Amino acid sequence: MDTQAFKRSLHHSDRYNRRGFESPAKRAQALEKAYQSNLIASIRDNGYLLEHGRLRVKLAEAFGFCWGVERAVAMAYETRRHYPTESIWITNEIIHNPSVNDHLRNMNVRFISAEKGIKDFSSVEEGDVVILPAFGATVHEMKLLHERGCHIIDTTCPWVSKVWHTVEKHKKHEFSSIIHGKVKHEETLATSSFAGTYLVVLDLKEAQYVSDYILGKGNRDDFLRRFSRASSQGFDPDRDLKRLGVANQTTMLKSETEEIGRLFEKTMLRKYGPAELNEHFLAFNTICDATEERQDAMFSLVDEPLDLLVVIGGFNSSNTTHLQEIALAKGIRSFHIDTPERIGEIENTITHKPLGDDLRVESNFLPEGKINVGITSGASTPDRIVEHVIQKLINLSERKLMTEN
């Protein structure tokens, strides 16, 4: 399928909207009223530092809502204001934040149900309004909704769209796309639908496995088994790993994406030589600015003298998970929570999600005496949620101090 031609056709439809309905000023005002925090603004103005009694809170210097998320959330809310009585659907979570998605449900925005990863669009009717989330949607989903006569409101982050253009460029020039991402993540599913021949690698370890195969060190049957659900239909490693371009899920760890890019460049250089490199490898630049800023700020934060760190964001949020990885790699006692309610003020507990594990309750969360706490949040977390977490910490520190006295 010519995905570029389809996008051009869709974008010219009078039932397609990617600009929203309200002025930027009105949109910003509505979002500020819903999610911004005076406390967080004052902490920013104070060098990202709050001192209260025995508690010292240090915020990362870049955290929370990014521009793409703000745009998506604002467009979703204004869609309901523009269509006050129509049936409105969304193909997935607008962003990976439970409070924001619950707010949409309270506005009677319905979420497309899915069974074993297969979405059920049978209840969506002609004339219904359908919102595409910040992660985007697959070509198949967009085509289905367009042909059904739905009004499509596209909140896809422009950085995600940039990755789509990259893999389409690979396809046009007959390069296979190596996509650094999580194979079942909504964004990677959307990106791969715009690609031609593709392979999804989760991390540097998987990328190294592919590199070894290119250099003649792998087994074909093992390769096909390993990537059976992470490659385009009919992918042939002996045919399709000769010309490669690299792209990424925008929320992956920046340093790892860059390392994977360098690995494949060196691999193709070793196999084909410098004179032929450009015929076998396409350089890339699909790293999201906001992801990069938040990860860089996290690397700075973990260099502070911290007793513990709280990372706030949806448990299915890729960018939040990578922030937690940075903290743990530094050896800091760090907790990933999705809502302020995970902190038990009376019991001094925190219910958190360790990497790759189920929820766990930690007792004696806040230690005695003076304490330095670092805080950051993923790109889908509003400032007001961060404020509520800080208030919980303040209350807990005061309660524990009163108990000690």
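The backbone N, Cα and C atoms fix where each Cβ goes, glycine too.
Worth saying up front: this structure is predicted, and the values here are computed from it rather than measured.
Under the heading active site, proton donor, Swiss-Prot lists E187. Among the features that Swiss-Prot reports, [4Fe-4S] cluster binding site is placed at C66, C157, C288, with the record citing sequence analysis. Marked as (2E)-4-hydroxy-3-methylbut-2-enyl diphosphate binding site by Swiss-Prot: H96, H185, T250, S317, S318, N319, S380. Positions annotated as dimethylallyl diphosphate binding site by Swiss-Prot: H96, H185, S317, S318, N319, S380. Residues or ranges marked as isopentenyl diphosphate binding site in Swiss-Prot: H96, H185, S317, S318, N319, S380.
Note: H96 ((2E)-4-hydroxy-3-methylbut-2-enyl diphosphate binding site) has non-local neighbours G313, G314, N316, S317, S318, T320, G378, S380, i.e. same-chain residues 6+ apart with C-beta under 8 A of its own C-beta. Cα distances from C288 ([4Fe-4S] cluster binding site) to the recorded positions H185, E187, T250, N319 are smallest for T250. Rounded to a whole value, the Cα-Cα separation of T250 ((2E)-4-hydroxy-3-methylbut-2-enyl diphosphate binding site) and C157 ([4Fe-4S] cluster binding site) is 10 Å. Taking the binding-site residues T250, S318 in turn, the residue surrounded by the fewest other Cβ atoms inside 10 Å of its Cβ turns out to be S318.
The (2E)-4-hydroxy-3-methylbut-2-enyl diphosphate site is defined by H96, H185, T250, S317, S318, N319, S380, and by the 8 Å test on Cβ atoms against their centroid, the other residues of the chain that qualify are I95, F135, E187, T251, G313, G314, N316, T320, T321, G378, A379. With a 10 A radius on its CB, N319 ((2E)-4-hydroxy-3-methylbut-2-enyl diphosphate binding site) counts 26 other CB atoms from all the protein chains.
Within its own chain, H185 ((2E)-4-hydroxy-3-methylbut-2-enyl diphosphate binding site) has F135, Q249, S318 as residues 6 or more apart in sequence whose C-beta sits under 8 angstroms from its own. The [4Fe-4S] cluster site is defined by C66, C157, C288, and by the 8 Å test on Cβ atoms against their centroid, the other residues of the chain that qualify are W67, G68, V69, A134, P158, W159, V160, T250, T251, D289, A290, T291, A379. Distance noted between the C-alpha atoms of C66 ([4Fe-4S] cluster binding site) and the residue listed as 'active site, proton donor' is 16 Å.
Distance between Cα atoms for the residue listed as 'active site, proton donor' and N319 ((2E)-4-hydroxy-3-methylbut-2-enyl diphosphate binding site): 12 Å, as a whole number.
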